[in-house]
Structure formats: structure tokens, C-alpha cells
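*Asks:* Sharing a structure here in C-alpha cells format.
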Amino acid sequence: MPPKTPRKTAATAAAAAAEPPAPPPPPPPEEDPEQDSGPEDLPLVRLEFEETEEPDFTALCQKLKIPDHVRERAWLTWEKVSSVDGVLGGYIQKKKELWGICIFIAAVDLDEMSFTFTELQKNIEISVHKFFNLLKEIDTSTKVDNAMSRLLKKYDVLFALFSKLERTCELIYLTQPSSSISTEINSALVLKVSWITFLLAKGEVLQMEDDLVISFQLMLCVLDYFIKLSPPMLLKEPYKTAVIPINGSPRTPRRGQNRSARIAKQLENDTRIIEVLCKEHECNIDEVKNVYFKNFIPFMNSLGLVTSNGLPEVENLSKRYEEIYLKNKDLDARLFLDHDKTLQTDSIDSFETQRTPRKSNLDEEVNVIPPHTPVRTVMNTIQQLMMILNSASDQPSENLISYFNNCTVNPKESILKRVKDIGYIFKEKFAKAVGQGCVEIGSQRYKLGVRLYYRVMESMLKSEEERLSIQNFSKLLNDNIFHMSLLACALEVVMATYSRSTSQNLDSGTDLSFPWILNVLNLKAFDFYKVIESFIKAEGNLTREMIKHLERCEHRIMESLAWLSDSPLFDLIKQSKDREGPTDHLESACPLNLPLQNNHTAADMYLSPVRSPKKKGSTTRVNSTANAETQATSAFQTQKPLKSTSLSLFYKKVYRLAYLRLNTLCERLLSEHPELEHIIWTLFQHTLQNEYELMRDRHLDQIMMCSMYGICKVKNIDLKFKIIVTAYKDLPHAVQETFKRVLIKEEEYDSIIVFYNSVFMQRLKTNILQYASTRPPTLSPIPHIPRSPYKFPSSPLRIPGGNIYISPLKSPYKISEGLPTPTKMTPRSRILVSIGESFGTSEKFQKINQMVCNSDRVLKRSAEGSNPPKPLKKLRFDIEGSDEADGSKHLPGESKFQQKLAEMTSTRTRMQKQKMNDSMDTSNKEEK
């Protein structure tokens, strides 16, 4: 909960007293002027400051060499935090820890960091995760939030990498080699030298502190370097065999002390060790070799290291790292070597390991399943992408060229030129973000994106050809925005695969996380949104995690990015209003309680508008791209222009996302007043539809919280904005900036309370007051909320209205022998899918579900006495083909459904009898 300030200052009291009374009729009561004041609101000077300060706090500041003005700000922050009841629970007693956190907040806000983060940790004896868990409970500025996020991401990556290095060294080096070696060189020394060398290389090569993949590839290069320097007697297989051709026969370290110069060229050119490492860790050998030759070797040559026992001197390496550490003023990663408690994490909440369940059946074959570490997870994800793209090309296939040739205007040359031009821009931007030495890495990523781009484009065109029986897609394939969006989506899949940005919150990703790709391609978020659904449907091999990632990108666009001032969305809305008028605007006439039909194609979205406003009795549907082009061309000749498919679908999805979030918040805050949810939703939906300018450069959740607060006020429900904000912070996608920094007017930002009072309530005052009258407005329909508009390939499929679940057992991904794959069944999975082996396959279960659901729907409609519309597809039961071997007969008056149901019942009876007979036979044999 954000901290409160119980004692108002004189200035605040005067401001409150000076507020003019609201004219009648009274507007919704506004929030108390006492707000969540951040650290920037605290005064820098205070009378008799030293007298109020505790001696231990002063001593802590002296140890950290804190300037006076930072110390004063930190103490005032402490007073503010400690005055709030229940916010930090029992932690208030641990003053030293909270003092340190307050010092950190003040130092970041004032840009006066006179200490390193590790120094602060050591002085208050606190771990990284505990520090940040406490900090999250305190209301801090965006500046502090960003600093905290950067440090935590860096820590998470370093923790994962050190854990990986430690385990890998155990697999490479002998812990107890012969006595002649152990006195001068051992595995502990190699680990220490390798880790510090890696830290130096990472700091030099990478500008991004939280890139996990390139960092791990760099770590493999470090391992390769020191394996080659190590005596073979110190190594385990297969490294011992691989290193002998380089180092010669096993020798004592004293005889090999001066061999570094002799094998310098071999270190640069021999790749046998790096190939073994890549095979063991299932890394792409070409990518690692690129990092090795382009980045690592030049870095090592620039160090000019002095060696001892064939290894660089630890003191020399440590001194070089000390300079980087003091400059960055953050974590001293050398402490990982000592397993320092400030860098350890709780074993239960460990970021580093999430182990898979053990097999319960001891008779089953035991597969050794490695722990799912961050490195292993991202490597598996990359390998899955490679499996998809192995057969793909970074040039258009023959099928694609055939489609190009069938176009009225051949798009081939423009497509190739666009791909080439964007490639230069992408590599430049990638190197700027990651490091200037990483241009070639950017080129490799771009080539993967281009492969996926051509692959998905071909899949889209094939699907359209099968659906429409046409091959001329000239208008779509000559649309620049379509190609830019499709290429951007392919590149986003690649970038997300190589990063950890597939987390729940996109803001917690790396510098290359979405919407980075939009900035690189200078693409509007609303245009990018149009391709997401078609992309997912066209590429059936996307992993569940990647589909979820693209869905989160879609949510990010719908909640804020599509509402930026320069977005084409506002022009589209204005055109829609001008054409159709306020009564037929957007989705006002569309039933929101119906499921969202995902049958929109790229042509629908990018050649929109593609359909005329429907007239009564009209059943015409524009499906073909050719028709779409004709419709778009003739739009200017009709009296009433065409509707926009892309805008219509966008608003449907926005409404569903908005209601889902509102529903979650209402369940947490208004469980005792469930009737208010529908009213709040009506105001919320009205604002999005009719006052959409309030969304310009703002966030969907800001309108949601204001709608909730306004309705609660007119309904006399005591719900403070602070309570709403506190509950909102617990939502998985929430970031504090959403309620701390809201646009008030051009280039002026303030808290959400100020936005409500000065903007939202002023615009919607009349509408809000209607809900307090005896004749409130008609309530808006509640949107139908599906679990997800996209089907995940590995998810159990639940058919609405039925009780049978079908779980696909096959996956296109097979990692490698010895590793778990989705195709390997466990005893648990066998039980889930084997429901009567003689009955049939999952397709039969699907048919049963279809039959039951359709028949239930028909019976229900018949009972209501209505004439239901004809279904798109009829269930046809072939009576002549029925199985009467069991002697079942059908009465003349029976419906087809009743006949089929009787057959199913009979079949099940036969199965049960067969099982009973089998059981009796088995028991008889045992008795004999």
C-alpha cells in the first residue's frame, strides 16, 4: 500500500482550505487532497534535523559517505515510511534494513550515489531479493523503480550464469587430481579465473547488462580458452581427449608454464573444444563461433595478461574488474565465488531452478531430467525455433515466386529491396543497443527473422488460395504496411526467443523487448496489431510461450501503444464516426456477449474497409481478396462507405480486455457490491466509445480506475483511490507508472488522482451523475470472455458444453536424445488419454462432443419455441450405416439423435461386458 502522510504541512492545509466549493448540482465527491506524495515532494531542509536523527542512522550514513542533503532526504523518507501502519508489518522493527532502503531511494532520486549497491548491502546485511521485496512495498518514484528493475535484472542474469558456470566446471575439471597438479592449479582456481575473466569480457563486449544468450555464448568462449590452458590431467572426458592434440601429452604444470605463447595461434584457430562445449550445451555452433572470433579473441588480445602456472593472475584480473565495479556502483559479482549471503536467494523462490516432478512409478524407465534453469529454458526455446527454420530459406521459395508472378503488379523486386534495406537498419540499431562488436550477431538474428517472414507469408497465401480458389494477391502483396508488419512480427518472435522477455510483464524484459522492433522499423503499433492473429494462425509450430508472448504484445498495443497521438487509430475512428454517425459508431450495435470469431485474414485487416454495413435480411459475406479489392475500389462510388474490419475487431478485443481487468479488480474490491460491476463497465465502455479522446497518450487502466472511483462515489461506496491503486498494483501486468504518471495536458503529467479531478470528472461529470438518478442509463452488454483467442498447440482442448478433454500428444519439437520431449508419455499422461483403448482415437471424442453440443443446442431452442437459424454445418447421421450387430433396433418415431445416443449406449455396454469377461478370465487363470 502506498504510504500515507498523516500530518499535513501548512502549505497543504492552506491549499485545501483555498479550494472553491463545487457549484450545484454537486459533482462526484473528489478524493481527499492528501495524495501519494513521492520522495520528490519532500522538502530538502528541515529545522533541527540533527536533533531528530537517530545516532545509528547517522553512523550508517557516515560509513557510506552520504552527503548531508541526501541524508536529510533519506531521514524524511524513513519518517514517512515508519508512520504508515501495517504497510511493512514486522519489518519496522528492523530499522537498519529500512534505513538502507531509504538511503538508496534518496540517493537515486537526487543522483548522488556515493556508494556501491554491494557496500550498502554489506552495511545493512540484506540480500538482493529481500532488499527489493521491501522496496516494492514503499511508494517510490519512477526513477527509483527503473533503477531497481535494472539492478534486479542484472542480478538475475549473473546469478543464472554463475550457477551454470559452477555446474559446468564440475563436469569439466577433476576435483581431486594428482598431487603434483593440485598444489599449483586446481578446479577452484580455474573457476575463479574463468568467472572474473568472463565478467571483464561481458563488461567490454556487451552494453546490455541483462542479455542472457550472448552472455552465455561468451561464457562458453571463456571456458574454451581456459580448457586449452589447463593440463589434460586436470580434465574429465570428453575434454581431456579434445585438448591433448593442442597441449600434447599430459605434463606437469611447471613444464607447461611458458606454453601460452606457443599455443597462442592455436587458441585462436582451433575450435574442437568449442564444438564439444556447444554439443554438450546444445548451442548453435555458428553463433558461438561468431562471438568467439569477432568478440572474445580481440578482447583477450587487448588484455595483455600476465600468466602464472599457465593461467592469468587472479590479482591482476580482480584489479581490472574493481575499476568497472566502482564505476557502475552496483553489484560486486566476484562475491558469487564466495557464495556471499548478500547474493543468495531463497531456495523456495529461486530464480535459478524449477525442477520437474519425479516419476511415481518405480517400474517405469527413469529418464534423467535436467533442471529447468534460465539458461536451459532459453536454449531449448532457441532450438525449437531452429527446428522450425531449418528447412526455411532467407530467399523467397519457388512457391512464393509463383504467387508473385501471378500478381497483376509483381511485388518481388520491392519485397527483396525492402528486406535488404531493413536489414541495414536492423543491424545498426541492434549493435547500438547491444554493443558495437555485435553487428554480426544482429545479422544472424535478422536472417532468422527473414526466414520466418517468408515462411509465414507463404503459409498465409496457401491458406487464402485454398479458401478462395484464387492466386492473384496483388493488392495485399504490394501493400508496404502489410510487409513491414509481417517482417516486424517475425523479428519480434526471434528477438523474444533469444531473450527472457517472454515473462508475464513486457516491461521486465531486456532493452530489445517489445516495442523495440516497432521503433527500429518506424512502424505504428496499430498496424503491427493487425498481423498478430493471422501470423499465429499461419505458423502452426509456434510454441505456447511464444503465442502467449505475442498475445501480451497485442494487449500492450490495445492498452496504450495504439492510443499514442501519432497512431492511425484516431483517424480511423474519426472516419468511422463521420460515415456512420454516433448511433452506429464502432461496436454499439454489435452484441458483445457473443464469442469473438477468429476468422479474420491479413487481407481483411490490411485492405480494410472490406465490408458494407449489413442490411436486414442480408447474408452476403465478402471473403475473397479479389472481392475485397473490388469492394475497396468501389467504396468511393457508394452512398454509404464501408465499415472498417480492423477497427471493428480492434474495439471488440479492447472491450474484452478492458472488462476482464475490470472484473478482476471488482472481485478484489467490490465483492460485497456485485451490482456495481455492470454499472462501472457501462461508464467504462461509454468512455472508450464516445470519449475516446481521453485515451490519447494515456492507458486503458487509467480510465478503468477512474470509472470505478467515479461510480463508487455517486453510489456512496467508500472506496478511496489509494485502495484502488493498491489492488491494481497486484495485477500481473501492472506497473507503477500507470497511476503515478498520467497525462494532464500537453507535456504535463501528474498522479491519477489529479487526472480524475481535473480531466476525467470534468469531461464525464454529467454522465456520471446520471447513475445517481432514479432513471439511470441503459447498461452496456457484458462482453463474452474467452480463455484466450488463440489455441495453444500443447494445451488440453475443452469443448464447451461437454465433459471430454482432448490433449494432443504430439509436438513438432524433439530436442535431442536423453532430454524430455512432449512426445514422451509419462504414466500420468497415459492415464489422461487412454479412456477405453478399444473405443478409438481423439477424433472420435471430438465427434461425440460436436454431436452432444449441437443436439443440446437444438433441443434447447425447440423447447423455447423459437425457430433457430440453420447451422453452418449439419450433423448427418447415416442410418443405413449404423451398426446393428448388437441387435439394437430403432423405433420409427425416434429422432436421429435418439438413435445415435442408443447406439453409443449400446457400444459402451458391450465394452463394459468385454472388460468384465476379461477380468473373469484373468481371475480364473490365477486360480488355476
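Cβ coordinates are placed from backbone N, Cα and C, and glycine is handled just like the others.
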*Asks:* May I ask you to name which of LYS63, LYS136, LYS329, LYS810 Swiss-Prot has annotated as N6-methyllysine?
*Replies:* LYS810
*Asks:* Which is it, of 248-264, 860-876, that Swiss-Prot names as motif 'Bipartite nuclear localization signal'?
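*Replies:* Of 248-264, 860-876, Swiss-Prot gives motif 'Bipartite nuclear localization signal' for 860-876.
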*Asks:* What are the helix, strand and coil residue counts for the region 'Domain B' (640-771) according to DSSP?
*Replies:* 92 helix, 8 strand, 32 coil
*Asks:* Find the average pLDDT over the region 'Domain B' (640-771) in the predicted model and report it.
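*Replies:* Its mean pLDDT is 91.
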*Asks:* Could you tally the C-beta atoms, other than its own, that fall within 10 angstroms of the C-beta of THR373 (phosphothreonine)?
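*Replies:* Result for THR373 (phosphothreonine): 20 neighbouring Cβ atoms inside 10 Å.
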*Asks:* What's the CA-CA gap between THR373 (phosphothreonine) and SER780 (phosphoserine) in angstrom, rounded?
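*Replies:* Counting only the Cα atoms, the answer is 47 Å.
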*Asks:* Quick one: what's DSSP say for THR373 (phosphothreonine), helix, strand or coil?
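*Replies:* Once the DSSP labels are grouped into three classes, THR373 (phosphothreonine) ends up as coil.
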